[in-house]
Amino acid sequence: MFLLGLAVYGAGSALTAAAPTLWVLVLGWSVIEGLGAALVLPAMAALVAESYRGRDRAVAYAVVGGLAGAGIAVGPLLGGWVTTYLTWRLVFVGEVVVVAAVLLARRAIPASAPTGPRPRLDRVGAVLSATGLGLGVLGVLQSGTWGWVEPRNPPFTVLGFAPTLFVVGAGVALLSLFRAWERRREDRGADPLVHLALLGRPVLRSGLLTLLSQNLILLGLFFTIPLYLQVVQGFDAFETGLRLLPVSATMLVTSLSASSLGRVMGPRRVVRLALLVLAASVVWLLATIEPAIDDAQFAGAMALLGVGVGLLASQLGNVVQSGVGEEERSEAGGLQFTAQNLGSALGTALIGSILVGALAQAFTTQVADDPRLSAQAREEVGISLEAGVSFVSTDQVRTAAERAGLPPDEVAAVTESYAAAQLEGLKAAILATGGVALASFLVTPGLPAAPRSRPGSPSPAGAQAGRGADGAAT
């Protein structure tokens, strides 16, 4: 399954690199590469579990988590350099080269024999779960444009209200149907898409929720911070990547060096420490969001952010897999992949929505309170906001104000108001990620509290997983 997924991913990368049109690019990148990744990641988690034991397994998961997180940060640097100085197509050519190298080295990948009869795909469950999750993310993603209750600029309204809550509600309803459908299939002895009893195990459930929070925070910040660097500060893609490099460095070093902390402090304490570090990095980062960037302070905040994510990465992969038995590794890997991607999607959608909403509110307040602006200027701004607000550069706002026929002093006032609103919107979005970090403490009680045992000793995490399994069975 791992090699099949890798081949599919490579085919998608090749198609994207050669894409002659936007639709072909979307097919290769969003559809085919996504399908390949959906096959690769759960299989990779299962391969790590099968290939390593004890401390080696914990280190292996820390390496995987650290590399995955660091890749999110290094990607803008490498991709920015290639895009700025060469062509974006080479980014996907590089993926094809990596896939080809792994396929050539496939003999080093241990073969996994099937442990039972081949299950039948639950097509109805797949459609219900994908559609439910998709509608939920779509509603949150569009909330900044549509509005939550009062319509802003939606494609349609429902009884005079914005469609956001109705779309999210439809997603929740479909997920409820998915849960009922899965229980029905299990009762009839058919293969479910997900064995819901797995989610009743405290270790696995807490691990997945914390993993979701980690990706929500990381992707939320990596949606927001590049806007500050590129739109507010005017840096190009390569300069932006350089300023994100401290995250990658400290994330990778921390994830590798902290894998043994679980045997000393226990995974729960390490995860809680990581969440505190993340919250502290957010506070530090907030202090750096100013019109003129302080590179040293910004680098320090980025480095601390990497430490927090690295601490999480050093524990969560092993915690998730420790919550299941050997025959459930692949299914746990699938749940792990789903939690990561759902967190990533919600990070971009939720934090992006907060950013746009805070920007619009701050801009409206700034314009209303500025005595330099006439009623005509306020009306022009109001019309623009009703049509939808985007996070654009002050140069674009200045040009729009000039085209609206405003006098030079009012053009300057509108531009200054928007610049101030930009910073307020960014700070609101970044602060929200800190709130997620603190709220994540609520899902940590199910994580193993006792230090992980040394190889050859009974695992407290495994024992707790077993008790969870027994509880779910009863």
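Just so it is clear, glycine is given a Cβ too, placed from its N, Cα and C backbone atoms.
Remember, TrEMBL labels are computer predictions, not curated facts.
As written in TrEMBL, here are the features:
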DOMAIN    1-452  domain 'Major facilitator superfamily (MFS) profile'
REGION    449-474  region 'Disordered'
TRANSMEM  28-49  transmembrane segment
TRANSMEM  58-79  transmembrane segment
TRANSMEM  85-105  transmembrane segment
TRANSMEM  126-149  transmembrane segment
TRANSMEM  155-178  transmembrane segment
TRANSMEM  208-229  transmembrane segment
TRANSMEM  241-261  transmembrane segment
TRANSMEM  273-293  transmembrane segment
TRANSMEM  299-320  transmembrane segment
TRANSMEM  341-363  transmembrane segment
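The average pLDDT computed for the domain 'Major facilitator superfamily (MFS) profile' (1-452) is 83. Comparing 85-105, 126-149, 299-320, 341-363 for CB pairs under 8 angstroms to the transmembrane segment (208-229), the maximum falls on 341-363. Within the chain, the transmembrane segment (299-320) has long-range Cβ neighbours (under 8 A, six or more residues past its boundaries) at 45, 48, 57-58, 61-62, 64-66, 68-69, 73, 203-204, 206-208, 210-211, 214, 217-218, 221, 243-256, 258-259, 261-262, 267, 270-271, 273-275, 277-278, 280-282, 284-285, 287-288, 332, 335-336, 437, 447-448, 452, 461. Looking at 85-105, 126-149, 273-293, the range that has the most CB pairs within less than 8 A of the transmembrane segment (341-363) turns out to be 126-149.
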